[in-house]
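Engineer: Below: one structure in structure tokens.
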């Protein structure tokens, strides 16, 4: 019997990608697989994302892992290259890059490359994290057009800061600014990630860049992915390794921060923060056991957590417990913990067994 296992449902992944295509039927899809495929396994996800037209990553090491694994579709470095020494690697491995700052632009201008690199100019349309500011935009465009190391036509992208908040005007303002700057440009454009894809159709343009929604996790605080017609790709499970009688007034776990108000049965599950399950999960965080949700009772430890099974529980050692996934949305668990589901799925450690099912 294995302890913590992340089961990756490749049929769910295929369903989600089909859903994405249906919501942006005239767009190309750049599946974002950074952070080890959002914790789902970089190479496995890429190999089974057959309908994707390209892949987006954050680190050059991720791009090289994809190439080494046989992925031949276009790959884009979403943050661009970190040093001029990366540029020959991009050329050798046919990796596209974002350019978002003067340092990257200067490095391209001064490099001696065998062949030009496909470049996406990132525009700061209002998030103010990365990108050429509107007043810098024309200068960047002119220099990139003149640079022999840049493949033509130049491409254009930006990123939303608040697309998951549907009652804010920020996304409309960002879209309008980006469109006004890039209107009439020859190259392809990309603006929408997961929330933009789902909620802001005016942002779809030539390419969409779905990330978290591909994995069946919602980008919105008030809607689960299932509500939106997507299936969870990851289901995280473990097993009960003990079922103990706990009397009213007895405390459980480190610090004794949960005290039973009744005689009950407490289940011990073989997963903890050493597996990436958050230590900060408070009492009451749900776990799914034998067809019902039961609450965490006591502090999460490195290798175990404890749940209140109830006084009449018939659960036994070896029974499966689902931490999140098909029977328990990761969004619901994240809300209890005070985080986002993105963090849950990307923080699993190497101790968790990965199983791919179809």
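Note: Cβ is positioned from N, Cα and C throughout, glycine not excepted.
The annotation active site, proton acceptor is assigned in Swiss-Prot to 34, 254. Swiss-Prot lists 129, 302 with the feature substrate binding site. The annotation N6-(pyridoxal phosphate)lysine is assigned in Swiss-Prot to 34 on the grounds of sequence analysis.
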Engineer: Can you tell which of 34, 129 has the most other C-beta atoms within 10 Å, given these are the recorded positions?
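Structural biologist: In terms of Cβ crowding, the pick is 34.
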Engineer: Have a look at the recorded positions 129, 254, 302 and say which one has the shortest Cα distance to residue 34 (active site, proton acceptor).
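Structural biologist: Checking each of 129, 254, 302 against residue 34 (active site, proton acceptor), the shortest Cα distance is to 129.
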